[in-house]
C-alpha cells in the first residue's frame, strides 16, 4: 500500500514524540554492538578455555549481538517510520529475530546457571562435559527456533484507524504499522501463542533464579574469611591449596569448594603478617580472582532476571489497562517496555570489569595495536 500524506505526517508526529526514546535506543545499540563485537573477537581468537568454564560466553555474545541489532533496528523503525514501514517482510524478520535471540539468550543463561550449580554445589557429582554443552546449545537453538518461527507467518502490517488533522479539517484515516499480528489470525490464535511465550519466560526466570540461589549461598559461605575451610585455604601456602584445574582464572570457586584441608595441616599455616610478601600477594590475588569471576556470573543472571521481568510486567500492564499515553509518559512506557534490551548490552561490560583474563588479554591486544601504529608512524 502506497504511503499517503496523512501516513507521512502521522509518522513524523509519532517520531517527534518518541525522540528521547530513539536517542536512548541508538546509544544503547552502539554500546551493545561494540561490546559484543569485542567479546566475540577476544574469546574466539585470543582467549583459550581448556576447562569449559567460558564455553558459553562467545555463543552468548553472538546471540546478544544479533538480538541487539535486530531489537534496536525494530525500535528505530517503529519510532521513526511507524506508519510508512519499509517492508512487511522486514517486519516479519525483525520480530522473528527478536523473539529467537531473546529466547536463546535467556535459555543459555539458564544453562550457565546449571553449569555453575553443578560445579559449585555438586563438585563431586556428574559435570557438564563438552558433549553435553554442545547438545545443550543445539537443543536451545532448535527450541528457540520452534517457538519463534510462527512469527514469520503471524507478524505483518496491521491496518488501523487514526485521527488526522489538516487545518480545520479532522478526519479518520486508515494506516498500517508493523505488529506481531498482521490481523489475519485474531485473539483466538495470538492469545494462546503469546500466553505460552509469557509462561515460558516466567518458568525460565524462576528456574534460573532457583539454581543460582544455592550457588550464591555457597559462594558467600566459601568466601567468608572466618568460615572453616575457606579460612584454612586462605591461610595455607599455595602448594597446599593447589588443585587440578587447567585454568586458574576460570575455576572461580571450584578450588575453594573442592579442596579438602586435613586437620593435621592446620599447623602449617602461613601468617601474612610475617615477612612473606610474594606468597601472600599471590594468595590474595587468587582469592580476588575467584571472587570476581563468581560475582560476574551472578551479575549476568541478575541483569537477565531484572531486565526481562521489567519488560514482561510492563507488557502485561499495557495490555490489561489499554491506556493511551502521550508525551513523557509514552517515552517512559516504551523505555520499560524495551528494558529487556539491557540483557543484550550489559554482559560484555560485566566481563570487562570482573573477568581478569578477559581484561588482561584485551589490554595486551590494545598495547600491541598501539605499538604497531607508533612504528608505522
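In case you wondered, yes, glycine gets a Cβ from its N, Cα and C as well.
TrEMBL annotations: computationally assigned, not manually curated.
What TrEMBL records for 23-43 (among others) is transmembrane segment.
Among the features that TrEMBL reports, domain 'G-protein coupled receptors family 1 profile' is placed at 35-351.
For 55-74 (among others), the entry in TrEMBL reads transmembrane segment. Only residues 6 or more beyond the boundaries of the transmembrane segment (55-74), in the same chain, are considered here, and those with a CB under 8 A from a CB of the stretch are 25-26, 28-29, 32-33, 36-37, 39-40, 43-44, 49, 94-95, 97-98, 101-102, 104-105, 108-109, 111-112, 115, 130, 133, 137, 178, 338, 341, 343-345, 347-348, 351.
Within the chain carrying the transmembrane segment (94-114), a Cβ under 8 angstroms from the stretch's Cβ atoms is held by residues 56, 59-60, 63-64, 66-67, 70-71, 73-74, 77, 128, 133, 136-137, 140-141, 143-145, 147-149, 151-152, 155, 178, 180, 197, 200-201, 204-205, 207-208, 211-212, 215, 297, 300-301, 304, 308, 340, 343-344, all 6 or more beyond its ends. According to TrEMBL, the transmembrane segment annotation covers 94-114 (among others).
According to TrEMBL, the feature transmembrane segment maps to 135-155 (among others).
The transmembrane segment annotation in TrEMBL covers 190-213 (among others).
A Cβ distance under 8 Å defines the sequence-distant neighbours of the transmembrane segment (293-314), meaning residues of its chain 6+ beyond its ends; these are 105-106, 109, 112-113, 116, 120, 198, 201-202, 205, 208-209, 212, 215-216, 219, 223, 249-250, 252-253, 333, 336-343, 346-347, 350-351, 353-356. Positions annotated as transmembrane segment by TrEMBL: 293-314 (among others).
Taken from TrEMBL, the feature transmembrane segment applies to 334-354 (among others).
In this model, the domain 'G-protein coupled receptors family 1 profile' (35-351) carries an average pLDDT of 77.
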